[in-house]
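Participant: Quick one: the structure is below, questions incoming.
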Amino acid sequence: MGLMTRIADKTGALGSVVSAMGCAACFPALASFGAAIGLGFLSQYEGLFISRLLPLFAALAFLANALGWFSHRQWLRSLLGMIGPAIVFAATVWLLGNWWTANLMYVGLALMIGVSIWDFVSPAHRRCGPDGCELPAKRL
């Protein structure tokens, strides 16, 4: 993955989690963790975080993972990287107001964090170049 898509992916994931930490009424587990590390002052901005910033950061992470596919051509990595932001975006824009939206948001945020850690620990490598695709060597 290119440097810009890696930075955008990490920014999207981190921004989504910090935005969710600012909403004590919506996500009490994340809000208690946010208050423990000193983010309690963000509670006055929770409307802005949930309605504007959280979908924006989720869309940024989705776009970064979609553009990353053009670099490494690993569809499973890109798909897993795009599912989390899509869940977060759907929970904050289309499904807001349902009783299970917070649980869906937790799943999306956890998936975003998990894929970001996976990408940090094991970065994607290029599989296809302009001259064609290289297949891995066969084992006998």
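Glycine too: its Cβ is placed from the backbone N, Cα and C atoms.
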Participant: Are ILE7 and ALA102 on one side of the membrane in Swiss-Prot?
Facilitator: no
Participant: What is the three-state DSSP composition of the topological domain 'Cytoplasmic' (68-78), stated as helix, strand and coil residue counts?
Facilitator: 9 helix, 0 strand, 2 coil
Participant: Taking DSSP states H, G and I as helix and E and B as strand, how many residues of the topological domain 'Periplasmic' (100-106) are helix, strand and coil?
Facilitator: 6 helix, 0 strand, 1 coil
Participant: Any idea what the model's mean pLDDT is for the topological domain 'Periplasmic' (100-106)?
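Facilitator: Mean pLDDT across the topological domain 'Periplasmic' (100-106) comes out at 82.
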